[in-house]
Structures are given as C-alpha cells and as structure tokens.
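If you look up TrEMBL, you'll see CYS212-CYS229, CYS251-CYS261 marked as disulfide bond. Under the heading domain 'EGF-like', TrEMBL lists 204-246, 247-279. Taken from TrEMBL, the feature domain 'Protein kinase' covers 371-654. Here TrEMBL flags 298-320 as transmembrane segment.
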Amino acid sequence: MNDAGNDCYFKEESESFIMFCNDSTDPPTPHMYSKDSYFRVLDISMESHEISVTMFVAKDCYDSSGTSLNNNDPYFSLPIFPISSAKNKFIAVGCDTYATFSGSTYVTGCLSSCHSDLDVINGSCSGIGCCETSIPRDAYRYNISVASYNNHLGISDFNPCGYAFVAQDGFFSFSTDNLREPPFDMVPLVVDWLIPNQTCDDAQKNTTTYMCRENSNCTDAENGNGYQCHCLKGFQGNPYLQNGCQDINECVISQPCVGICTNLPGTYNCSCPKGSRGDGKKDGNGCTPTKRFRSMDIVLGVSTSFLLVLLAVSWLYWGLRERKIRRQREKFFQENGGHELLQRLRSEHKGSIESVRIFTDRDLKKATDHYHESRILGQGGQGTVYRGILVDNRVVAIKKAKILARSQVKEFINELIILSQINHRNVVKLIGCCFETEVPLLVYEFVTNGTLSDHIHKCGHESTLSRRARLRIAGETAGALSYLHSDASTQILHGDIKSTNILLDENYTAKVADFGASRLVPLNGTQLNTLVQGTRGYLDPEYLHSSQLTEKSDVYSFGVVLAELLTGLRAFSFERAEKEMNLSLYFASAIKSERLFEIIDPMVLNNGNPEEIKEVAMLANQCLRVKGEDRPTMKEVAMELDGLMRMMDRHPWSNRSGDLEEAEHLLGERSNECYGILRSNASRDVSNQISFETESGR
C-alpha cells in the first residue's frame, strides 16, 4: 500500500486523514482512514463535494432457543467530514429488532417487528420487517447498535438476525428474502467533504491558506463546519488547483446559437449573419431575414397561429369532455349507492371495502368485449351476468343489474355488504365492484360448471349426477346456509335459494350465489318485514302470507332443492297436471300416499338403497312443512345430511338384483319434462320471479 502523496489530499493539523492506494487489487483501489476509522473509497465527486465510502453492517443473531450467536456494533469516525444527511438513510431490518444511531450528543433510531414473513410488504420500510429514518445534520461520528426484545423466539426460522446500517439513499430495496440474512456485509455511505473549521469570510482574510483558486467562488457548507469551492459559471474543473477551473467552450458543447457563436471567457455571444436580425439564440428570438421572404413569414405566422388556435380549441374540447365524463362517473357513483355503501361499512364495522377491488368502467368493458352478447352467461330478475377476462387472464363473472327503481340499487349495495362479510368455500367469492357505470356491477369468481339446475334438468338427456354426488351437493349447500344463519358475524338470510342459484365448479363442488334478495338480521331480531321476493315454486308460503322473512324461509326453499335432487323434477312446471305443478305439494302428496318411489329420479333410485332414499325424502318433507316453527334449522339439516354421508361411506350399498327389481316395480312412468337451460331461456326465469308489496304488520 502506498501513500497517495502529500499533494493529493488536504491535511489538517489536529484531525487529519490519509488517502492511499491498495496495489494488491487489480485495478488498485483507493482507501482513506482517520484516527479511528478505515474506509474503502468508491467515488469522489468534485461537483457535489461528496465521497462515497464503504461501511460495515451491524448484526444481532440468535438460534431457535434464543441464544445469541454473534453481534457487532460498527463505529464511524471522520472528524472533519460530516455524513451527508441528504444522501443517506438509517435502515434496520428484522421482525424483533430495534436499532439506534448514536452520535456524541444525540440518539435516534427505529423499531421493526412482525409475526410472520407473510406480514411484510416488499419495497416497504414502514416498520413491518423493515424501518428507516433520516440522518441528523453535522454528524461526524456515530455508533450503530442492534438489539432484540424477545431474542427472535418463534421467528428465527425465517428471521434469525436483526441488522442495521447507514447507506446511500436508494441503495437498498427491502424484500422478504432479506429477513433470513443480510445480502451484504458492506454498504455505500456518502460523506460531504469540505475545508473544515472556517467560513468563507474568515478564510478569505488569509490569502496564503485560502483554498479557492482563480475563476472560482466560495460557499459556506450546508452540512458541517467549513466551506467549499466551486468553479464559476462557464468554467469547469478543480477549483482547488492553480488554473484548475478551465473555460467551457459553449459554442462546441451546448451549441446555443442559431446564428454565429463566439466563445468568451466564462460565457459566449450569439449574433446573426448579415441580412438577418435577432439575438441569434436558440432559446431567444433567433435570426429572421430583414427583407426577403416577408410573404412566406406572414403565411408561416398565420399558419402557426391557426394551428395554435386549433390546438387550443382541441385541448378545450377534450378538457371539457373529460370533465363531463368525470362528473358523470361521480354522478353514477352517487346514484349507484357508492357513498351509501361506504357509510354502511363504516357504521356496521363489518365488511371492508379494502378487501374488495374497485374496477373502472374501462376495466370491465375490456374484460367483456364491451358487454358483447356472446359473453352473456345468464339473465334473471336481478340483471345479466357476463363472462369476463381480466388483464391478469383471470376469468370472472360480471353481474350487471337492470335499470329499475331505486330499490334495485339498494339490492346491489345489500349484496355487496353481505358478500364482503362471507368467507366460506361453498359461497361464491366476491372479487370486486364498479360504480362508474349507469348500472351497478359486481365481479365474482367464475364457477366453471354451470348451475345445479343445468345438471338436474338436462334437455333430452337424463341427469348424470350420481346419488352420492347429489347428496354431497345438498350437504355442501346446507352447510353454506347453516354458516350464513349461525356462524357469520351477522346472521344472513339468503331469501332466494333455488337450483339456478347453486353453482358447481369443475369438481362439482357447490357454491351458493346471487345474494340480491338477501338480508342482514339485526342482533336483536329473528325476522324481517320485507318486500316479498322469490321464485315461483321455491317461495315459503308463510313468508308469502306474512311478508316476514326468517331463516325457516331458506329452510323451505332448500327443501324444494332437495326434492329436485331426489326427483329430477322442476320446482314448478305448467307441463305437469294442475295438482302436480308445484313440486313441494306434489312431493308431500307422494309421501303421504306412499307413492314416493314413483317420482324418484331413476339415477337416484337405481343406485341407492330405498331406506336411505326414504330418509333423505323425509328430511326434505320436514323442510317443506307449512309452518316455519315445525321445520328444522339449517344447522340440523346440515348435520343430518352429514350423518347420512358418513353412513354411506361406512356402509356403501351395492346394486343388488333385489333392489333393482324393487326399484323397477316402484318407479312407474315419469313425465318427460324438457326445459331450456337457464342461459338460453332467461325470459322464463324472469317470468318466474315474484315480487309482492305487503302491508306492514299483516
């Protein structure tokens, strides 16, 4: 290692530093040290008066039992050069870490904590896994200390160490990988360099020791006690050396003139050639002919003015148009209940709008090809459902409500409030919503396998759903309704359970959908007076009579779905005899007259034990009782179905010949119903919707 030479760096008598080169590296690397510290020099800037050096990282590590493994507290001291408060940050990393930055007269620092690496956010140093703070001014010395509150107990598998450092701003970008171990042992640190212990006024009094040479000026340092020299405008180089500031030839480097450029010491001059006039500058008047091409100048001026006017008018038009669109979006946001939704979320302290993505109108137009007819999945009383593809290639279902009365907006808000509170595998997941359109929109997960109705009532084909699959779908649906009634934070009544509102995924897992008619039950109530809504064949007769929606209303509707699963018949059909149009009455009558097996679907009867089928049928019949108080709860129904599934798993019934003969004897003839699938026959579904206004208290 060789000293860089006495003429290469400045020495102050009482507190000096030394610059030298390490020749053992290729190429040689510069280093500097003071009385207490030693640094590798990465860069020296004459223009900004900064030195970039390397500095150690402080560590505090533990094993899984909380025993300290190793730690170090680095110390920095460069008595005449302060650390840059503008270019550095103090950063600490860890989930059980507090770190301090200590100077001679101050202590600062930050605290970082987390319970799991899933809590942290990449790129964020806000206190969860990573924290940062600024560096005080006039800091010549510092010591970094890192410590732990709980010795990293319980988190050492993903964060065994806490560490801290002072580094150049922008050098470090935090990520979860940094919790396991620091990605470096040394970091770059920026130091402001200056001529110490004097102001410009004091230094200029002694021309022998004054460091600023010709063509330079002096400024007092903003950080630290001292002054700095800078080349004058129009000069560049080293202001601390004799003839160090050299004139800049602006005519060659920046070419500021459109005419003739003449370089002068520290400046330049622009002039126009003969036959033209102006200041000759690119950023000024330039040069214009004095006599020739006057008519062309006029045409050019008129054309330019016309273009400017056209641009101004266009800018005004597009500005007003954008303003109109923005106001229209705000109007739609208000009319679609956006403010009402936010107020309800705040007042009820339930669903969080942060968990629901807010889509723009542009997002959903792109996802649905501008709501093209080919993207329609289904239509009903509440609106139209489209198949959409988001920018991340996720396939979603987008529900577009109809333009009706104000009550439909409330249904939309109601559905969003309800879905934001539900977290169940058998309830369709809400992804987001949109308020910027004329009608409100909801974005759901896309359930790929259609509705339960599609699979039960296949036109011209027998249903391929096995007895076991039907019982499992019934159990999953009952479990979802039991969750809504008993386990959700606020009791939720669905209000429109039917086979078209039960979706099936690729594994035939049931998912309850369409909460447009649903209601939240107050904590002090068990029933609600509402506008009667529902679908013909599924509507609870007690609800229809009293207009009081209760959890037993959902039980009744589920009983109809269970009867559909057993019989393969639609809940209501004009193609059946008058007494048999309503499946619930037809089903109850068949049980009462011991004709149950005459209406059971062959797919169920041929693959099941008659006693087992009868148990499910009796459960459905209990759900279909006229008085709500005589019906079981959804929790009881779910437990009963779960028990039947478990019994089936323990004692699987085989298709014995005796059972087949009995089934054939009991089956009899069945009506040949054939209805279009919901997606292609939306108008029939709409016609089956019922909405009755009833007087309060009836």
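The backbone N, Cα and C atoms fix where each Cβ goes, glycine too.
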Checklist line | Cβ neighbour count within 10 Å of CYS261 (disulfide bond) | finding: 19
Notebook entry, point to check: In the same chain, who gets a Cβ under 8 Å from the domain 'EGF-like' (247-279) while lying at least 6 residues past its ends?
Noted result: 215, 232-236, 285-292
Note to self: If you count, for each of the disulfide-bonded residues CYS212, CYS229, CYS251, the other Cβ atoms lying within 10 Å of its Cβ, which residue has the minimum?
What the structure shows: CYS251
Item checked: Distance from CYS229 (disulfide bond) back to CYS251 (disulfide bond), taken between C-alpha atoms, in Å -> 26
Notebook entry, point to check: Rounded to a whole number, how many Å is the Cα of CYS261 (disulfide bond) away from the Cα of CYS229 (disulfide bond)?
Noted result: 30
Note to self: So, three-state DSSP: helix, strand or coil for CYS212 (disulfide bond)?
What the structure shows: coil
Next item on the list: Kindly report the helix/strand/coil residue split of the domain 'EGF-like' (204-246) according to DSSP, in that order.
Entry: 0 helix, 16 strand, 27 coil
